[in-house]
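The next block holds one structure in the form of structure tokens; read it before the comments.
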């Protein structure tokens, strides 16, 4: 019986049809089958179909309305998120060629402030549609043109009065009078001042590529050219009288003028170097150059030196027109210096003890 049982068992093993599902499957075979099934399921298709990748870039639409009538002018579509407001202005100009990008003013609100060209369009978007209000800024000129025109005029106008043209002064009176040395010195100092401004505009300052309305150029030229004519007329007049304290007053004022002119130049160079470093939030620190030591006392030493130049020129010539011009320049630069000083305080770019904006310990 033992042999028969053994023989039957072997026959069962040889014949798989006899086993059917009644016989238990070994544990190792189950694990192998499970691993194989998991491998097949994870592998998926042998040749999967190509997946279509859709672009995730969200384009914006800019609706431009007239700031006065609120009527829609146009819709600029397909604006990438990386675009700036200047890119929108260029596309707006293609739709409406009568308005150049330089004279297009765009605002988020009708009475809000104008947006800068460097503003990223994504920062303005609350949804995929952005509404901006358009204002025609009028005829525009570049800032370089403004500065060169404002500074070239006084240089040429003063020389015309210095030559004592017969159309300005009486020819006989001009021939009889002998010019005082202060007249020649004043001409040299005045020309030196505006030559420095012109050269710094061309080679030192990094002027913004933006534009300003033509009316601002007219205002600036009227101010500078008008005062230069008034100043030059008095100083070069045949009846001009020298300062009350003579050569001492002239010498002291001339030396102060030259020091202030040198200080203005070195401060402007330091400010440009600080902007080129890329860290605009930092405040320029004094260097080995003694003209830059004024940074330790005031926030805007370039204005301090500029006012010093005109005050010393007033003492050197002792004329009322120069004094009035120096006073108006001091008021304007004090306003500019206060704004910059408050901006520096908000940024925390220098220590709190430096409280003066333009005049040490006073303003």
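One-based numbering along the chain as shown.
Positions of Cβ are set from backbone N, Cα and C atoms, glycine also.
The structure displayed is predicted, hence computed values, not measured ones.
When TrEMBL is compared with the stretches 186-204, 319-337, the one noted as transmembrane segment is 319-337. Listed as Cβ neighbours of the transmembrane segment (141-163) (distance under 8 Å, sequence separation of 6 or more from its ends, same chain) are residues 183, 187, 190-191, 194-195, 197-198, 201-202, 207-214, 216-217, 220-221, 224-225, 228-229, 231-233, 235-236. For the transmembrane segment (216-235), the residues of the chain that approach it from at least six positions outside its boundaries are 141, 145-146, 149-151, 153-154, 157-158, 160-162, 168, 183, 186-187, 190, 317, 319-322, 324-325, judged by C-beta separation under 8 angstroms. Here the domain 'TECR-like N-terminal' (60-136) has, by DSSP, the following mix of helix, strand and coil residues: 18 helix, 29 strand, 30 coil.
Mean pLDDT for the domain 'TECR-like N-terminal' (60-136) in this predicted model: 89.
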